[in-house]
Every structure is written in structure tokens, then in C-alpha cells.
Amino acid sequence: EHGTATATIMLMGDTCTRGCRFCSVKTARQPSPLDPDEPYNTAKAIAAWGLDYVVLTSVDRDDIADGGAEHFAKTVSNLKERNSQIMVECLTPDFRGDLAAVEKIAQSGLDVYAHNVETVRELQRHVRDPRANIDQSLNVLRHAKAVRPDILTKTSIMLGLGETDRQIYNTLTELREAGVDCLTLGQYMQPTKRHLKVEEYVTPERFVHWEEVGKEMGFVYTASGPLVRSSYKAGETHRDRDTRGDTRGDTRRHTETHTHTHTHTHTHRDINMDTTNQSRFIHLLINMNSVH
Ligand code: SF4
């Protein structure tokens, strides 16, 4: 009753042009053409559901000139026209480093620009499709922030693929240097026998450790836990949290800071975001590792 209604919607079909070794999405060189009515129909449906927060994500479409950026952006703008209150997160591909595509989405009216680096620098080639790499991904996140400093940027890392503590730390440092606001860390789970094996089940204590490190480094929000996943969830409203009288440490402090100040002096660092959005937007919780 008091929760935040959220949903994750996958755009542009169910078939990806890439083949990351952790992901079980279908792949093909030439998936079906885009449905030109999808942005309109999706926006119409989402608006009718009365959601508070929606994550729009997609497969990679390297077969399309702009990677589907226009399609993504149209979905957001159609949705915001119908319901300006709904919070929209776009979890996007890297668009092969095409920053014009990134910009198109960043300027579409969204609230959170998410793109996942997936793993530490050293394991990129082992884990992701060869067309992906961390520098390209950092550029996506950096560019989204540069063109819209008022939105939040967000990324996700899977643990348990054989990465070392030093590699994790260094990757988090690079993310902060790229201006990334929100971070999620979750346990990698092997989707089928044909996919990468789990090298380690990271203990809950280690996840807590990384959450602390994220906070110390100045991420606006760090969600870290074995079950944390990358594209589902979301935000909770200040109203909802007040109703529940929920006090969960830092999260609560974030809520109040965002709601009652115009210059949002965050517990860890300042962020510059529209006040109306800030008062509604409390924390990004969890993330999923199936797509992006
Ligand atoms: S993680 Fe994304 S780019 Fe990689 S195969 Fe899955 S859907 Fe495609």
C-alpha cells in the first residue's frame, strides 16, 4: 500500500546484437525491425498503470544507425507528456560510443541515466561482448552528466567473477572520476551452464564493506548486496517513507536533505537536481544483472 509502484520495460525487442558472457538474452546479427509505434504505445500503457517510477531498458541494437536512441528518447518524451510526475530511468546500451545517441536520450526528459559497466576494468574483455569496454562505458556516463548535470547517473557492477578488491576499488574510483552518482553492486549468478561460471559467492559482509566504500567515495547512493540487481527498482517517495515512519540510517537523511533544501547538500556530497524531483526521489535501490 505504501510502496512505490515500479516497473522495468524492455524496448526494441527481445533479441540483442551482442553476446555478453553473463547474459542470457537471445542474440542475432539482424533482429526484427523496430516497431515504430512502440514509443507511443509503451508510453500510453505505462501512463495508464499509475506507476511512480519506471526503468526503460533495451537490448543492444548495433544493426540500427543510432542504436535505437531516437526510439528510446521518443518513449520518454511521450511518457513525460502524458505524466510529468512519473520518474523515468533509462538503462541504455553504450551505442558503440556514439555520444550523439547518448545526448539524445539524456535530453529526452528522463530523471536517471543508467549504463552498466558490469565488471572491473581488468575483466571487461572476459565478461562483456568484445564491442563493449570500460572506457566507452565511462564516456557514456560522463557525457550524459556533461549535457544534463541535473540528472543522476547510475551504474552497476557484478561481483563474483574473479575480480580482486584492488580492482573493485580502482573501478569505483574511475566511476567517481566520471561523475557517476549512483552505484549498485550485486552477486553474479550464472544464468545457464553455457555462461560464465561464478568464481566466488561474495559474503554479505563484503557487500556491506563495498557499500561503505561507496559512501566514503561520495556516491549519492550505493546499493550493495548479494541480491541487488541492476534494472528493476527504483525510488520511493518521501511521502511513502514518512507514512511508514521508516528510519534506515543514511537513507532517511538523504530523504530529508532532498526534500527540505534547494541546494541539496547531501550527506556525502552536493548534487544539483530539480527540487520537485528531489523531494520525490529518495533512493535508488536495487539492480539486476540480466541486461546492461
Ligand atoms: S548484457 Fe546487454 S549487450 Fe550484453 S548480451 Fe545482454 S542485452 Fe546484449
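We number each residue from 1, going along the chain as drawn.
Each residue, glycine too, has its Cβ placed from N, Cα and C.
Any TrEMBL annotation is an automated prediction that lacks curation.
Note that the coordinates shown come from a computational prediction; the quantities given were computed from them, not determined experimentally.
Database features (TrEMBL):
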BINDING   C16, C20, C23  [4Fe-4S] cluster 2 binding site
BINDING   S231  [4Fe-4S] cluster 1 binding site
COMPBIAS  235-259  compositional bias 'Basic and acidic residues'
DOMAIN    1-220  domain 'Radical SAM core'
REGION    231-269  region 'Disordered'
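In the three-state DSSP reading, C16 ([4Fe-4S] cluster 2 binding site) counts as strand. In the structure as shown, the Cβ atom of C20 ([4Fe-4S] cluster 2 binding site) sits within 10 Å of 22 other Cβ atoms. C23 ([4Fe-4S] cluster 2 binding site) falls within neither a helix nor a strand when secondary structure is assigned with DSSP, and so counts as coil.
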